Amino acid sequence: MAKLRSATSTEGRNMAGARALWRATGVKDTDFGKPIIAIANSFTQFVPGHVHLKDMGSLVASAIEEAGGIAKEFNTIAVDDGIAMGHGGMLYSLPSRELIADSVEYMVNAHCADALVCISNCDKITPGMLMAALRLNIPVVFVSGGPMEAGKTKLSDKLIKLDLVDAMVAAADDRISDADSEKIERSACPTCGSCSGMFTANSMNCLTEALGLSLPGNGSMLATHADRRELFLEAGRRVMKLAKRYYGDDDASVLPRSIASFKAFENAMALDVAMGGSSNTVLHLLAAAQEAEVDFTMDDIDRISRKVPHLCKVAPSTPKYHMEDVHRAGGVMAILGELDRAGLLHTDVNHVASEDGTLKSVLERFDVVLTKDEKVHEFFRAGPAGIPTTRAFSQSCRWDTLDDDRREGCIRSREFAFSQEGGLAVLSGNLAENGCIVKTAGVDESNLKFSGVARVYESQEDAVAGILGGEVVAGDVVVIRFEGPKGGPGMQEMLYPTSYLKSRGLGTQCALITDGRFSGGTSGLSIGHVSPEAASGGTIGLIENGDRIDIDIPGRSIKLLVSDAELESRRAAMNAKGPLAWKPLSRVRPVSMALKAYAMLATSADKGAVRDVSKLEG
């Protein structure tokens, strides 16, 4: 039988000092010997997806203590990618993922906690906590803050749904009046919660359901809805059940690495492709797999992307549907159910929500197409109130009916899929020998094949200036390089360049290629994660203005139409620059010591932009 980790600091005469300190936190004599459950919260007033999390730790703690555990809460950081976007702050976003993972590990291991509840929500927080959970391998349950309600406003007497990206595009579009731009801005983000489309935050929170580490509804139940309260309480109860099974019954099947197996990662990626999730999820799944010691690679992602259809289309790929609509259609469990009926899902994997241990039983209960449970149907009818608020659980509105239309609804069956090609694709070729990622869900059909002329920039800032200044014209392939994990450093998101291409009427007239990454809010022919990155000697660092680039998404290829001999000549010339080789010589960018430390160990995107541990073992 596994011994409680916390016994290290609570048992024996030599731990008198530690017990004295535990008592000073409120632990009583009768509590010693109970499992200590860490609650990793990420409350902050900087981020709308986290502004309502202050009291969530206490809610989870109450359920833990009622079930016989000791709950101890701590906090970690959370960066708002939207607020950090378009300036030097974005350099810190991806590196914060590693910092979050480390901080959770530090707190849990320093205090010998027995199990963990992760209260996350936005872009790098869920991935960082996921990496920590798989690294620690103790019983864990994830519960997120939930998505924001979609913004809504009237323009030209027509009610439209909005999100953050709409506000950005409108602000840069000279055809939109100041009054309408301000109206969109004021309506785009009406409530607390993660941004309302299938952006990175919501994508990752959905993927925790598919990985088996969070409860049904975690990725789709609105932050404002009263029903979400039960998810926090159940997370506390559930983690205690897992802890008792592991420490009391010696049942290792409840541990994160037993749950998040290779098959579970395949399920998560299948969900991602089916729902057209953020391209950032590829980065984070690769990083999480390495922490879990699961051999899940870009090759696996490519294989899955070729066979899984696009079953759920959500903003930013369409203005019609947001996360509130995904929930009404049955949420993640409904998409997984359709994948199962298509023969594209492993249902024999473990899941924290299962009483018998398998995803199959979870689907039988929570797939709205299968279940007759009226409580489950009522749960998925939870809808928006349309009232601006920063308060969680502030409303109890419900849709009159579920969206169970699998022919023309938000979630489709395989037969009526939005496309038989999935929502993400891996491209490769001489421009990206180790691959790159495109969110095909957001690509216009006319752009699935594209050939254009390179317009090269060595920073996001220069690219923005070039787009807004009229340098970029129809037929160009905008290349933004030296923005990878090492070269940025920090692998900035390129939401502003893609948004400005749209606002200039070039959204379907140009392509954008980068060794950086894209916001989950990006759509259009935007190809990121080019690996190897320029700073690591990637071919993207050798592209010159005027070079022709061919993109073939159906053929999964991306080619720089320059001869091998010419590329060898350019590479030799670059290497001859010595210490200045593979660096953006025209760019002036202050880089802090913290970011330099990150850059020293950062790998390219095809490895998840994780740290190269071989450099630590040297």
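Glycine residues also receive a Cβ, built from the backbone N, Cα and C atoms like all the rest.
Under a cutoff of 8 A between CB atoms, and with a sequence separation of 6+ in the same chain, the neighbours of SER519 (active site, proton acceptor) are ASP81, GLY82, MET85, VAL165, PHE199, THR200, SER278, ASN280, GLU493, MET494, LEU495. Positions annotated as active site, proton acceptor by Swiss-Prot: SER519.
Among the features that Swiss-Prot reports, Mg(2+) binding site is placed at ASP81, ASP123, LYS124, GLU493, with the record citing sequence analysis. Within 10 Å of the Cβ of LYS124 (Mg(2+) binding site) there are 28 other Cβ atoms, across all protein chains.
Its Cβ placed at the centre, CYS122 ([2Fe-2S] cluster binding site) has 28 other Cβ atoms within 10 Å. If you look up Swiss-Prot, you'll see CYS122, CYS195 marked as [2Fe-2S] cluster binding site, on the strength of sequence analysis.
Per Swiss-Prot, N6-carboxylysine is recorded for LYS124, and the stated evidence type is sequence analysis. Under the three-state DSSP scheme, LYS124 (Mg(2+) binding site) falls in the coil class.
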Can you grab the distance from LYS124 (Mg(2+) binding site) over to CYS195 ([2Fe-2S] cluster binding site)? Cα atoms, rounded to a whole Å. 14
If you count the other CB atoms within 10 A of the CB of ASP123 (Mg(2+) binding site), including all protein chains displayed, you should get 34
Distance check, please: Cα of ASP123 (Mg(2+) binding site) against Cα of CYS195 ([2Fe-2S] cluster binding site), rounded to an integer number of angstrom. 10
Which residue, out of the binding-site residues ASP81, GLU493, shows the minimum number of other Cβ atoms inside 10 Å of its Cβ in this structure? ASP81
Indicate whether ASP81 (Mg(2+) binding site) is helix, strand or coil by DSSP. helix
8 Å Cβ shell about ASP81, ASP123, LYS124, GLU493 centroid, Mg(2+) site members excluded: VAL79, ALA84, MET90, SER93, LEU94, CYS122, THR200, ASN280, SER519
Does anything in the same chain, at least 6 positions from CYS195 ([2Fe-2S] cluster binding site), have a Cβ under 8 Å from its Cβ, and if so what? PRO48, GLY49, GLY82, PRO147, MET148, ASP163, LEU164, CYS189, ALA201, ASN202, GLY520, GLY521
